[in-house]
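**Q** Structure below; questions to follow.
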Amino acid sequence: MALRSQLCRNLKELRILFCQKSPSSAPARSFVENNYKDLKTLNPKLPILIRECSGIESQMWARYDMGVERGIRLEGLSEQQILKALEDLIKAGASTKA
């Protein structure tokens with residue numbers, strides 16, 4: 001994914017929240033397990049926060065310049081759809097700079 005390296009340019013912080021045990025959070029956990037290392041390697045200065053909380057609904061939040069935040073619910077999304085949601089958040093960050 002070419003946009004992975006653009007996280008630092010468009011985002012100030014990325015937060016992923018999910019439940020450690022819930023079956024509905026399994027795609028979010030899988031996404032983190034399979035993509036965190038690459039995302040962090042390509043964006044070493046970007047804070048990527050992983051938050052586990054029992055019973056919470058899976059979510060992804062992006063913080064942009066001036067404290068602007070956007071969030072996406074991840075419930076019911078596959079790992080590929082979560083990747084697409086991240087791409088949408090990156091693109092939204094690019095549009096906030098225009």
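All residue numbers here begin at 1 and follow the chain in the order shown.
Placed from the backbone N, Cα and C atoms, the Cβ positions cover glycine too.
What TrEMBL records for this protein is below:
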- C19-C53: disulfide bond (DISULFID)
- 20-93: domain 'Ribosomal protein/NADH dehydrogenase' (DOMAIN)
**Q** Which of these disulfide-bonded residues has the least crowded Cβ, counting other Cβ atoms within 10 Å: C19, C53?
**A** C53
**Q** What mean pLDDT does the predicted model reach across the domain 'Ribosomal protein/NADH dehydrogenase' (20-93)?
**A** 93
**Q** Give the residue counts of the domain 'Ribosomal protein/NADH dehydrogenase' (20-93) per reduced DSSP state, in the order helix, strand, coil.
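**A** Residue counts in helix, strand and coil order: 38 helix, 15 strand, 21 coil.
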